[in-house]
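**Q** This is the structure I have questions about; it appears just below.
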Amino acid sequence: MFFYLVAILALLNAFTQESLAEEKCMDRWEERFCKMIKDQNACAISEVTIRAMKEKCAKTCGHC
């Protein structure tokens, strides 16, 4: 079951990367969640979090 979830996420990621560049700078997650991440200085802990925050909390974490 976990493998299916990973495969679906990989496919979604492959098809959404191009559209992300064309969209305006915005947070994809709720504002309160992105603010909590920023307040905990968790926007750039590692390469993995930087990549995730560029996609999910770009505006709040300053990745625009």
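Glycine is treated like the rest: Cβ placed from N, Cα and C.
Taken from TrEMBL, the feature signal peptide covers 1-21. Positions annotated as domain 'ShKT' by TrEMBL: 24-64.
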**Q** I need to check the long-range neighbours of the domain 'ShKT' (24-64): which residues 6 or more away from its ends have a CB within less than 8 Å of a CB in the stretch?
**A** none
**Q** Tell me, what is the mean pLDDT of the domain 'ShKT' (24-64)?
**A** 92
**Q** According to DSSP, how is the domain 'ShKT' (24-64) divided among helix, strand and coil residues?
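**A** When I sort the residues of the domain 'ShKT' (24-64) into the three classes, I find 23 helix, 2 strand, 16 coil.
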